[in-house]
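One structure below.
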Amino acid sequence: MSERVILAYSGGLDTSVAISWIGKETGKEVVAVAIDLGQGGEDMEVVRQRALDCGAVEAVVVDARDEFAEEYCLPTIQSNALYMDRYPLVSAISRPLIVKHLVKAAREHGGGVVAHGCTGKGNDQVRFEVGFASLAPDLQVLAPVRDYAWTREKAIAFAEENAIPINVTKRSPFSIDQNVWGRAVETGFLEHLWNAPTKDVYDYTEDPTVHWNTPDEVVIGFDKGVPVSIDGRPVSVLQAIEELNRRAGAQGVGRLDVVEDRLVGIKSREIYEAPGAMVLITAHTELEHVTLERELGRFKRHTDQKWGELVYDGLWYSPLKRALESFVAHTQEHVSGEIRLVLHGGHISVNGRRSAESLYDFNLATYDEGDSFDQSAAKGFVHLHGLSSRISAKRDLGI
């Protein structure tokens, strides 16, 4: 038996064509691996059978929904990760999990080569291949879409010439990637920055005006930075994301129209839908404002940004990212409590906070009777705080 190729299989055009193409061009058997990340759409058994129909000798479906939520989405929540302050890493956090399961499949099915369907223009090629280099540097990597400059038209022609059983159309306008954490849409008329998204771009979210008269108030509970309840009901991380996808999505929350800086050096326009992700990150950030000491919170905002950049850049398995997560884990010790939010008209509004770990002291903060803040200490504090400014002003202004 020739050495097998382990293919990251989505069920779409490119990876379906890749199964047949790899067999013809390399003579190697293909094992297709499809990962269920809560993306919805087609039944995964249908996807598995399609891989076999396209020529895979084996097709494996991995249910990684809970693993994805707890080991990939949760660190994103705890790091309040928004690349360029907007994008909650919808695709970026899924790639290292896919890599992990492809490497596992390679060991189990006699694979010496792993393959993906990424282009040479995007970030995902980096995320996959740096991931493979980190976990299994002995494996070879095959990237037919990138290395042989496939276009959609070429892929369709190959599928037709080789009777590959997949229904496609040259008119399909968008490239879509989705999982339970969110949905990413690009290409087509969206590549022209002045073009507004049309209704057919969206799937996870309703038009924000649909439920204009019925705002949704939700209370999210956290225990040490982990979402554990919604409106007092216990939930797993996956259940929290799924419920908030439905509720926030119904209010048009989580629509993002972004021009982002790709790792490869170009700017690209992306439309994201991430209702559950944006609500959870908003709630978690707000709870940290209540429970983290000032300097710790300030410093963590820097590490949050760096964590997001590392993940976006495909460095999930890097030493720095692991070190940052150790720091983040320490910061979550007191991030427990509840945040109340109103979801309405595409917006998230926080209107309530409570925590047994809160650093907010009512008696110190109030301006009413019972104020325990010693205002007589303020004059000396202000004098000392401004002392260096006063000294330098004397020199610089000649006073």
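Here the Cβ of each residue, glycine as well, is placed from N, Cα and C on the backbone.
Taken from Swiss-Prot, the feature ATP binding site applies to Ala8, Tyr9, Ser10, Gly11, Gly12, Leu13, Asp14, Thr15, Ser16, Gly117, supported by sequence analysis. Residue environment of Ser10 (ATP binding site) contains 19 other Cβ atoms, counted within 10 Å of its Cβ in all protein chains.
Under the DSSP three-state reduction, Ser175 (L-citrulline binding site) is assigned to strand. Look at Swiss-Prot and you will find Tyr87, Asn123, Arg127, Ser175, Glu260, Tyr272 tagged as L-citrulline binding site.
According to Swiss-Prot, the L-aspartate binding site annotation covers Thr119, Asn123, Asp124, on the basis of sequence analysis. Residue environment of Asp124 (L-aspartate binding site) contains 22 other Cβ atoms, counted within 10 Å of its Cβ in all protein chains.
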Return the count of C-beta atoms lying within 10 angstroms of the C-beta of Gly12 (ATP binding site), excluding that atom itself. 19
Nearest recorded site to Gly12 (ATP binding site) by CA-CA distance, among binding-site residues Tyr87, Asn123, Glu260: Asn123
Taking only same-chain residues 6+ apart in sequence, whose CB is under 8 Å from that of Ser175 (L-citrulline binding site), what do you get? Val185, Glu186, Thr187, Gly188
Length of the line joining the Cα atoms of Tyr87 (L-citrulline binding site) and Asp124 (L-aspartate binding site), in Å: 15
Within 10 angstroms of the C-beta of Thr119 (L-aspartate binding site), what count of other C-beta atoms is obtained when all protein chains are considered? 16
Between the Cα atoms of Asp124 (L-aspartate binding site) and Ser10 (ATP binding site), what distance do you get, rounded to the nearest Å? 14
Asn123 (L-citrulline binding site) falls, by DSSP collapsed to helix, strand or coil, into coil
